[in-house]
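Visitor: Next up is a structure, given as C-alpha cells.
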C-alpha cells in the first residue's frame, strides 16, 4: 500500500479534496514531523481503533484510514494461562533486571517437557546446575552491585505500589548514574531511592520524600541530597510538583466520590491562577482543597482523616484552608 503524506494546507477546501482522493485510493496515512496529524483540524489527538480497523481524529471525527492492519498474534486467548501457553516469545526486555532480562533460567519445577517427574539422580544434577547458573548470571562486582540496586528499587516500588513505567524509568536513571560514575562515595540504597523519587516526579506519580524514606533504609536528608546531585549531573529537568497530582491518590484513599475529586482539582486550578500554591507544600494545599471539596459536597471528612492520608498536620490543613477560602471567596459552612 502506498503511503502519502499530507502537509499542512491553508485552504480547507484543498484539504478536503486531497483527503477524498486519498480515501478513494485506500492509502490514507496522515503524518507530520513523524507524528500523526489530522488534515482537517491539525489535531494530534489521533485514535487507532484496531477493532474497527480505523485511524480516527478524536476532535473532529475525520477517518484518516479505514483499512488498518492488525499486527498482533494470529491466535486468541481468553485468560492469562492460555496467553502464556500460546505465546511463542519470551518476556520483553526490561531495565529492572541487571542483564535486561536477556538471560534464561532453569525452571524450579522438577518436570520434563512432557510434564513427567524427573528421576531422583537427575533432580540432584538439576539442583547443582541451578546453583551454578545463579552464580554465573552475575559475573563481577559491578554487576553484583547493579543487581542489588535494582532489587532494592523493586522492593521500594512494590511497597509504594508504583506502576511498571516508574520502575523502568528509575532503573534507567540509576544505570545512567552508574555510567557517569556518580555512585562512587555514595550508598547504593541512597542513589536507588533518589532515582525512584526522580522517576515518580517525571512520570507524574507523586510520592513525597518522606514516603520513600519510610520504605527505604536511608533517611530523608540523604535521599534529598542525592536526588539534587544526580538531577544536576544527569541534567534532569523536572517541573515543580503540582498539588493537583496528589488529588486522585488522596481522594481514592479517603474513598471520596469523583465529584469531590473534580471539585478539589477545580479549586486548585483557581488557586494556581492566583499564585496561592507557589512556595507552599503541594501535599498540604492538596489536602486543604480536598477537605473544602468534601465539605461542599456533603461527604465531610475530618481534618484528622485528611491529614493522616496526606502526611501533614491538622494545623497545615487549617492554614491552607483559611488561605483558599479567603482568596477564592468560598463560603463553607462547618
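Every residue gets a Cβ built from N, Cα and C, even glycine.
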Visitor: Check each of the ranges 34-65, 66-97 against Swiss-Prot and return the one annotated as zinc finger.
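Guide: Here Swiss-Prot associates zinc finger with the stretch 34-65.
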Visitor: For the recorded Zn(2+) site, whose residues are 38, 41, 57, 60, find every other residue on that chain with a C-beta no more than 8 angstroms from the centre of their C-beta atoms, and list them by sequence position.
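Guide: Apart from 38, 41, 57, 60, the close residues are 39, 40, 42, 43, 45, 58, 59, 61, 62.
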Visitor: For the zinc finger (34-65), what's the mean pLDDT in this predicted model?
Guide: 80
Visitor: Please list, in sequence order, the residues in the chain of residue 41 (Zn(2+) binding site) that are at least six apart in sequence and whose C-beta is under 8 Å away from its C-beta.
Guide: 57, 59, 60, 62
